[in-house]
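What TrEMBL annotates here:
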type	residues	note
SIGNAL	1-18	signal peptide
TRANSMEM	293-318	transmembrane segment
DOMAIN	295-740	domain 'Major facilitator superfamily (MFS) profile'
TRANSMEM	330-350	transmembrane segment
TRANSMEM	356-375	transmembrane segment
TRANSMEM	387-408	transmembrane segment
TRANSMEM	450-470	transmembrane segment
TRANSMEM	526-545	transmembrane segment
TRANSMEM	565-586	transmembrane segment
TRANSMEM	607-630	transmembrane segment
TRANSMEM	636-657	transmembrane segment
TRANSMEM	669-690	transmembrane segment
TRANSMEM	702-725	transmembrane segment
Amino acid sequence: MRLLSLPLTLLLAANAAAYDNLLHFGPTAQVETRSIDQIYKAALKEGGVVTAWFGGDEKNQEDAVKKAFETAFPGMKLNLTVDLSKYLDGNIDQQLANNNVYVDTVALQTTQDFPRWKDEGALLYYAPAAYLEWHRWKGKKAPADTADFLAPEVQGLNKYGETWFTKLLQQKPRWVRGAATPQTLVRDPKTPYAATFTSAMGLTTGTGSLNATYPKKSNFISWAQHTAILKDAPHPEGAKLLQNFLLSKDFQTTNGFWPVRSDVAPPAGNGWDRVGFLSYSPPPKSTVRENKWTALICVSLFSFVSPLTSTMVAPALASIGETLHIDSSLELALTLSIFVAAYAVGPLFWGPISELRGRVIVLQVSNLWFLCFNLGCALSQNKSSMIAFRFLAGIGGSAPLVVGSGTISDMFQPEERGRAISVYSVAPLLGPALGPIGGGWIAERTTWRWVFYSTTIACGFVQVAALLFLKETYAPMILERKKKHLIKETGNTELYTAYDHPDRTFSRTLGIALTRPFRLLFTQPIVMFLAAYMTYLYGTMYLVLSTFSGLFEKLYHEAPGYQGLNYISLALGLFIGTHICARSQDRIYTALKRQRCKEGQPGRPEFRVPMMVPGAILIPIGLLIYSWTAESKTHWIGPNIGACIYTTGLIMGYQCIQGYLVGSYAQYAASAVAAATVTRSLAGFGFPLFAADMYDSLGYGWGGTLLAGVAILLGWPAPVTLWLYGAKMRAKRLREGLCN
């Protein structure tokens, strides 16, 4: 809904190059020559009191003025009353008529009272020291009645026509009198208003969900209060002190409104012609909850299908080798692992491109890429084409693994991200755990080519769902599209967004984006540290996955279909860990923020660390149970219990790392996660290559003990290090050229 503030609506039409108050002091007006300290001393001697009446529509809207004045001048008391100007001016008239003036100074939003009071001799002929610095009306006289507003110099009818007002009325606006009431309404995050302010709109928006768009750059004042000191004021020195304070450079610079002094510029960075979000096109973080989760589920489906394909082929490797004449065990392992190796390449350009062109286009193009080359795998006639197509399919399938993190950063507030990350990040790990289950039955009941046909069909369904339900979530791209639409509609080529970099060429912008993951990885201590831990977690997961079916084939002599059912234990552990994290992460984050942050301060990424502790403990415990029950050839449930405990800890650590990176790098979360994905994917590719030799040499027991020992060395110090030193490590970020 559009909200319009009423008073002096047409005054903006004047678009004055500069604006003066509607009074012209007579030749006898006294312009203040004393310093403000001298006036302060005189006001204290007079009694230290000043009574002021200000026009306004909310009783507390000038409380900041009272606090600032009394803080600046200890011993002074400002008795401040705020009410509608039309009530205050009538009361002033009564005081004047009864010769009982008890108000010192009055500031109203009316224009007719002051000239009348001046003619009646009721005002003190006084001009504050900054009088000559006020904005002045340089054209003809200010409009006095409705007919004056038709003068060409004070209206834009010839330029803009009347269609804009027709369009405005079609939106069925709610007309609200005043300035404070509309601002209160529009600042309430629960109230979906867009507002047009023809009054003193504050420069400080106050909330992350509110954006202000300002007129084309010029010196203008849209609506200034008119003020005067009554001639019979009981405390004239106090009134003079108040006026000089309000017009001082210090107050005009810091009060949060457009300055009325011509020698004080509005604060930089508030944007002229800036395109921002309004209520009918809210920023992604203000999107309704159902739409956020619909988008998240779409992204999670993308992140599920590709990793599913990475391991679904494992039970069918023997059949693939027989058909395509792959005799080497290393080449067979390469057929499986080359897909994950591509995960180390794709994110390096998918992540940065999503920060240039948006999330949705990258997800859709990469998914189409994956679909085509995955179908190529199904149609392969030799080992070379199979390995090549697997690698290319992996590049396409890698995009959701990094773009999904960026999407979460786009849509969810820090206090909401824990559950969102829990739902999203389970998909890349659940896919590899479930893949061999389906792959095993397909390999046993039909040809291996249907392993690829089935995932291609699933990929097609996800693509259709994304086309229907997935909308762009990246704020810079949404605003860029909005800006282009407005330029086309209005012809105003000066429009820009807060994310524009007019000083950069496209090639430079592209270069910064594409090299950002590398710079994050090699210059940011926190990314290096988390990437190392994530690399080990991911590598051991693929090591276990690559040997899991073989364990149940060699030691328990199970058929391929039944071998795949053991992967349910891995999936069960992922579900348990996800459920724990989803329920706990945001609660812990919110509780720590409440305890350790001041009101209004954002939470810290370190608040994601506590849940890493149980994960770091469960990983080695699970590995030891898994490996030694297998070594002892106990009942098949033994290794499955260990695997379940292992993946429970794995997903908890993985999600905490993901949440920490997203919280640390926000807008560039996709690049940060891409940096970590490079090393982890290399581990996912490399660890399975030595898995068989490790278990042949050490056995399952001692091989698993080795993995558990390294997990303790890396995992147990990690939460402590992040908790104690994470903030310092993040402080070493190289901002220039990296995140700007």
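Keep in mind that glycine also has a Cβ here, set from the backbone N, Cα and C atoms.
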Cβ pairs under 8 Å between the transmembrane segment (450-470) and the transmembrane segment (356-375), at least three:
yes
If contact means at least 3 Cβ pairs within less than 8 Å, sequence distance 6 or more, would you call the transmembrane segment (526-545) and the transmembrane segment (356-375) in contact?
no
Count the Cβ pairs between the transmembrane segment (293-318) and the transmembrane segment (565-586) that lie under 8 angstroms and are 6 or more residues apart in sequence, then report whether there are at least 3.
no
Give the nonlocal contacts of the transmembrane segment (330-350) in its own chain as ranges (CB under 8 Å, at least six residues past its ends).
309-311, 313-314, 317, 320-321, 362, 366, 383, 386-387, 390-399, 401-403, 514, 517-518, 542, 546, 673-674, 677-682, 684-686, 688-689, 692
